């Protein structure tokens, strides 16, 4: 009987993962190292209605995906990334929103001897509150200290553990004595699967504004190269036309040949004082309508106030 129950459970698991792969176009492959059952339950509750978390043995997940490749060949891209303690987070919502929800469910954790550090750990300069009898402990770790008012004071920031290092017993003891929980554990996104494409989670940090600025930078680079080699493109043609017009204008100014667009330029070059006089006149012409509009508004306001006053007093005449 237990064997049959196990077989039934496997069959149901295969059906479930295939159903999720069919129903949800997007998913995360997440690492679940150091995530306990209580934290996993909290993550599932916070994602309820927005995403579905599925964990399982790697061999079973690979077998289920391989059996479904006929219907969805794009799933083969998932297989190389199913290694280690991983699972899936399926969703139809915005991937950035789900990513942020997973990050919000990380919990701080104390350093344990033998654990692999997921991040760098630095002990800040501080008064530890520990008695002088612990001085030798700090010296063994190469931490410079002094005794201040009967307690040990760390003089400068100390990099205690590097990313990827194994936490030693002394480092773990020190961090616990200082009440420092340097690590945070949760579901870590390793890969993103989106409608048949798979990519690194860093792509989610790229905003529309960043894409727009990168695109404009690319267009400028293309235009610059095309102008240099004389190869016309959509990006370079406007600049080529303007540069050509400038050359024709310069040639016309230097020669007797004139066309309508150069007559005004030649006139200003012949008499620069006319250009100096034209600039204030143009500014005055622009400012005149605005200046005329201001008194008109003031007069209209006064008339409105007078009419309001007449209406108010006229009721009692």
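Each residue, glycine too, has its Cβ placed from N, Cα and C.
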Message = So one of 148, 307 should carry the feature phosphoserine according to Swiss-Prot; which one?
response = 307
From the candidates 24, 231, the one which Swiss-Prot records as phosphotyrosine = 24
Ask   = Which residue among 37, 304 does Swiss-Prot mark as phosphoserine?
value = 304
